[in-house]
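Straight from TrEMBL, the features:
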DOMAIN    B:127-414  domain 'NADH:quinone oxidoreductase/Mrp antiporter transmembrane'
DOMAIN    B:600-663  domain 'MrpA C-terminal/MbhD'
DOMAIN    B:677-760  domain 'MrpA C-terminal/MbhE'
TRANSMEM  B:65-89  transmembrane segment
TRANSMEM  B:110-127  transmembrane segment
TRANSMEM  B:133-150  transmembrane segment
TRANSMEM  B:206-228  transmembrane segment
TRANSMEM  B:240-262  transmembrane segment
TRANSMEM  B:268-289  transmembrane segment
TRANSMEM  B:296-317  transmembrane segment
TRANSMEM  B:323-344  transmembrane segment
TRANSMEM  B:592-609  transmembrane segment
TRANSMEM  B:616-634  transmembrane segment
TRANSMEM  B:640-662  transmembrane segment
TRANSMEM  B:683-700  transmembrane segment
Amino acid sequence: MRVVARLLLGPSVVVAVALIVKGYTKVGDGFAAGMVVGLAVALNAVALGARGAEEALPVLRHAPRVAAAGAALALVSGFFPLALDEPVFSHRPGPDEKVVSVGTAELMTAVSFDVGIFLLVVGVVTVLVHQLADPDQEHST
Amino acid sequence: MADATTDATTDASVAPTSRPRLDVQGWSCCAAAAAGFVVCLVGWLRGGATVSLPWAPTLGVRLDFAFDGLAALYALLATGVGAVVFGYGARYLSQHLADHGRPRSERWRFWPWMALFAVAMVGLATATDLVLIFVFFDLTAVCSYFLIGFDRERREARTAALTALLVTIVPAVALLAGAVLLSATYGTFSVPELVERAEPGTTTTVAGLLIVVAALAKSAQVPLHFWLPRAMEAPTPVSAYLHSAAMVAAGVLVLGRVHPLLARSEVVLTVLLVVGLTSIAVGGVLALGRDELKQVLAYSTISQYGYVVTLYGMVGAAASGAAAFYVVVHAVAKCALFLSAGAVTTATGEDRLSHLGGLGRRLPVLAGATGVAAATLAALPLTGGFFSDELFFGAAKEQGPVLVVAAVLAAALTFAYIGRYWMRLFLGPTGTTPAPLSRVLVVPVVLLALVALVVGVLPAPITQLAEDAGAVSHAAPVALSPAYHLDLRATNVMALAAWTLGGLLLAVTGLRDRASRALAVAGDRLGPRRAYTASVLGLRRWSGRVHDWETRDLRSSIAAVLVPAGALAAAAFASTPIAQAYSVGPISGTDWLVLPLLALTGVATVVAARTRERLSIVLALSAVGFALAAVYALQAAPDVALVAVLVETMLTLVFLAALARLPGTEPRRESAPRAGRRWRDPVIGAIAGLGAFAVIWGYLSEPREAPSVSADQIRLTPAAHGKDVVTVIVADFRGLDTLGEITVLLIAAVGVATLLRRGRLWLPRPGRPGARRSSCGWSPGSCWDRASWSPSP
C-alpha cells in the first residue's frame with residue numbers, strides 16, 4: 001500500500017492538471033481536480049501515517065498558504081470586473097472574442113477561477129487530513 | 001483637554017502601582033469624535049445635505065441619508081458628548097483595568113465598540129430609510145451588548161448585557177415589521193416619501209404602534225424599562241454615553257424621525273402620552289428611593305425620557321420643538337451627572353449614597369459642577385434646564401388642565417429626587433473620605449456644567465438647533481422662544497409650583513422613602529422584569545429539552561434530519577395532484593445497464609444494514625456510492641459521476657482511517673434494546689426512504705423541459721468559450737455562488753482547526769528543524785489566542 005501510495009501521487013497530479021486544462025471543454029473542473037490530488041494526499045496519510053506523509057512530502061506544510069492563494073485567485077478572477085465597471089464574473093475575454101489557447105487549454109479568467117478552486121480544495125483537504133489524522137498532537141507543542 | 005493627560009494623578013500614594021500609560025486608542029477616539037463634531041457643526045450651519053444611493057433596488061431599499069435638523073441635533077450630541085466621554089474614558093479605563101488586574105490590551109475590546117457606537121448613532125441620526133434605520137438601530141444594541149458586558153468575568157455584567165440586548169433587539173423586530181407594513185401599502189421605505197403618501201387609517205396606526213414599541217423599548221420606557229438600571233454594570237463612560245447621547249437617545253430619535261407618521265393616529269399618540277407619563281412617574285418615584293449612585297441616575301433617565309415621549313405624544317409645533325430642546329439639555333446634564341458619579345466612586349471606592357456624604361468639602365469643584373448639572377435637571381433658572389421645562393410647561397398648557405397637573409407633578413418629582421441625590425452626596429456628615437482625583441475625571445464634568453450654564457444664559461444656538469429638529473418631527477416650521485419673564489405667566493407659576501412641591505417632597509423623608517420602597521417591592525413582585533426572567537428561563541428550558549431530545553445519541557441526531565425531510569416529502573405528496581404523476585416508463589437502451597447497478601445498490605444497502613462487522617459496513621456503503629456514481633455516468637451526468645466517485649473514494653478512505661483508530665474489539669451491547677427502540681430505526685428509515693422515493697419517482701415520471709434558465713445556459717455555453725456546460729455554469733454563470741461555496745470550505749477548515757488545534761491551521765512536527773516558521777497558518781487570524789470574544793450569558 002505504501003508503494004502504491006507513493007507511486008500514485010505523480011499520476012494523480014498529472015490527472016488533476018489534465019482535468020483542469022480540459023475542464024472547460026470536457027468533463028471535469030477545478031473541484032474534481034482538487035479532489036484527485038486531495039485523495040492522493042489522503043492515501044499517503046493513511047498509508048504512511050500523517051507524520052510519515054508529511055516527512056515524505058514536506059511540500060504539504062504549505063497547504064494553508066495554498067488554500068489562501070486559491071481563495072485569493074478565485075476572488076480576484078471573480079471580482080476584477082468591478083474595477084472595470086462591469087458586473088462581477090464578467091470573464092475576459094468576453095463572449096465572441098478570440099481566446100488564446102494552448103492545445104485544448106484556453107487562457108481566460110474563467111479558467112483561472114477554476115484554478116483558484118483547485119488550489120483551495122487541495123489546500124483545505126490537506127489541512128483537514130492533517131488536522132484529523134493525528135488528533136493526539138494537541139499537547140505535543 | 002489634551003494637556004490634562006500629562007498629570008494623570010496628583011497624589012502618588014493613591015495612584016495605582018505605576019502611572020498608566022497614555023491610552024492611545026481612547027484619545028484617538030476622542031479626537032475623532034471631536035473632529036466629527038466640527039464636521040457636523042459645519043454641515044448644520046451650511047444647511048445640511050442629502051445622499052441617496054441604491055442599495056437593494058429590487059426591494060426598494062435605498063441608502064438614504066439626510067443631514068437635516070434632527071440629524072444635526074443627534075449627530076452633534078453623539079460626537080460632542082462622545083468627545084467628552086471618550087476623553088474621560090481614556091483616563092477612567094486605564095484605572096479600571098489596573099484595578100481589576102486586566103492587561104492593557106483589553107482596551108481593544110472597548111474602544112472599537114465605543115467608536116462604532118458613535119458611528120452607528122450618527123448613522124441612525126442621518127438615515128431616512130426605515131430599513132437603514134433598523135440596521136443602525138440594531139447596531140447600537142450590539143455595541144451596547146459588548147460594552148455593558150465589558151467586565152465579562154462578572155456574572156451580573158453578562159446577564160445585564162444579555163438583558164439589554166434582548167429587550168431592545170426583540171422589539172426592534174417590530175420596527176422592521178412596521179416598516180414592511182408601510183412599504184407594502186405605500187411602496188416605499190423612505191420616511192419623507194411615506195410622510196407624503198401615508199393616510200390616516202388602520203395600516204398607519206398598526207405600523208406606527210409597531211415602530212413605537214421598538215422605540216420605547218430602546219428608550220427604556222415602562223414596561224420595558226428594566227434593562228436600563230441593570231445596564232449600570234457597565235463601566236461609567238459607557239453608562240454616561242448610553243444614557244445621554246447613544247442607545248437610549250436612539251429610541252426618541254426614531255420617534256422624532258417618524259413623528260409625522262405617528263401624528264396621524266390618535267391611538268399612537270395616546271399610547272405615547274400614557275407610556276411617557278407612566279415612565280416619568282415610575283422612574284421618578286423609584287429614583288427617590290435608590291441608594292446606589294448609578295441606579296438613581298438610571299431611573300432618572302427613564303423618567304427624563306418619559307418627558308420627551310410625553311412631548312411627542314402631544315401634537316403641536318411647541319411640543320416637537322420642546323422635545324428636541326429637552327433631549328439636548330438632558331444629554332448634557334445626565335452625562336455630567338454620570339461622569340461625576342464615576343469620579344466619586346473612583347475617589348472613594350463607594351457607590352452608595354448611604355456610605356457617602358459631605359463630599360462638597362473635599363471636592364468643591366466636582367460638587368459645584370455636579371450641582372449645576374443637578375440644577376439643570378431640576379430646572380432652576382440660569383441653567384438650560386429652566387428653558388427646557390419652560391417649553392415643556394408651555395406645550396402642556398396647550399393640552400389642557402390634566403397635562404398641566406401632570407407636568408407640574410413630574411417636574412416636582414424630578415426636583416425632589418435630584419435634590420436628594422445631590423444633597424446626600426455633597427452635604428451632611430462625611431461618609432467616606434475621598435482620595436484626590438485625577439483632573440481628567442473632573443474636567444469633563446466642569447465642561448458639561450459650563451455648557452449647561454451657557455445654555456441657561458444664551459439659549460439661542462440650542463433653540464435654533466431644536467427648531468430645526470422640531471421642524472423635521474413636526475413636518476412644519478417650528479418657532480421656540482425660551483426666555484426669562486419676570487411676571488406671573490402660566491409657565492412661571494407652574495415652575496414655582498413644581499419647586500415648592502419638590503421642596504416639600506424633599507422635606508417629608510419618611511413618607512417619601514416608604515412610598516418609593518413600596519413601589520420598588522411591587523415592581524419586583526409583579527413587574528415586567530419578572531416576566532422577562534420567566535420567559536428567558538422558559539425558553540432556555542424548552543431549548544434544552546429539544547436539544548436533549550435531538551442529540552441524545554447519534555441515532556436521534558440522524559432521525560432529527562430524516563424524519564422532517566420525510567414528513568415534508570409526504571406533505572408535498574399529499575398536497576399535489578398525483579394523477580399520471582407517477583408512471584412506469586419503458587425500459588430501453590442503457591436502462592438495462594442501470595437496472596443491475598440499482599440492484600447492486602439495493603443489495604449493498606441491505607448488507608450495510610444487516611452486517612455487524614465494521615469493515616463490511618464501510619465496504620458495503622462504498623459499494624452503494626460507486627454503483628450510484630455509475631448510474632449517474634450512464635444517465636449522461638459525467639461531471640456528477642466524476643465528483644461522486646472522488647467523494648466516495650475520499651469517504652471510504654476516511655472511514656478506513658477512522659477504523660484503524662478504533663479499539664480492536666467490537667463494543668458489546670450493554671443490554672438488549674428496548675422493545676420500542678427496536679422498531680424506531682426501521683420506522684425512521686422507512687419514513688425518509690418513502691419520502692425520497694416519492695419525490696424521485698414523481699420527478700422522473702415527468703421529465704419536463706427545465707424552465708428557461710438551464711436552456712439559456714446551455715445555449716450560451718459556446719459563447720462563454722466552453723463546451724462543458726457544468727463547468728461553465730460553475731465557473732461563469734453562477735460564479736458568485738461557487739465563490740460562496742468555496743468560502744464555506746475555507747471556513748470549515750478554519751473551524752476544524754479552531755476546534756482541534758486552537759486555531760492553528762498547521763502544526764509543525766516536533767523536533768523538525770525549520771518547522772517553526774510555518775507553525776502559524778496563513779493569516780494573523782489563524783494565530784489568535786483563543787480567548788473568548790464575547791460575554792457569554
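All residue numbers here begin at 1 and follow the chain in the order shown.
Every residue gets a Cβ built from N, Cα and C, even glycine.
Where the annotation comes from TrEMBL, it is an automatic prediction and has not been curated.
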Counting only residues 6 or more past its boundaries, what in the same chain has a CB within less than 8 Å of a CB in the transmembrane segment (B:592-609)? 616-617, 620-621, 623-624, 627-628, 630-631, 634-635
Secondary structure of the domain 'MrpA C-terminal/MbhD' (B:600-663) by DSSP, residue by residue, totals 56 helix, 0 strand, 8 coil
Which sequence positions outside the transmembrane segment (B:640-662), separated from its termini by at least 6 residues, show Cβ-Cβ distances below 8 Å to it? 614-615, 618-619, 621-622, 625-626, 628-630, 632-633, 726
Averaged pLDDT, computed only over the residues in the domain 'MrpA C-terminal/MbhE' (B:677-760): 73
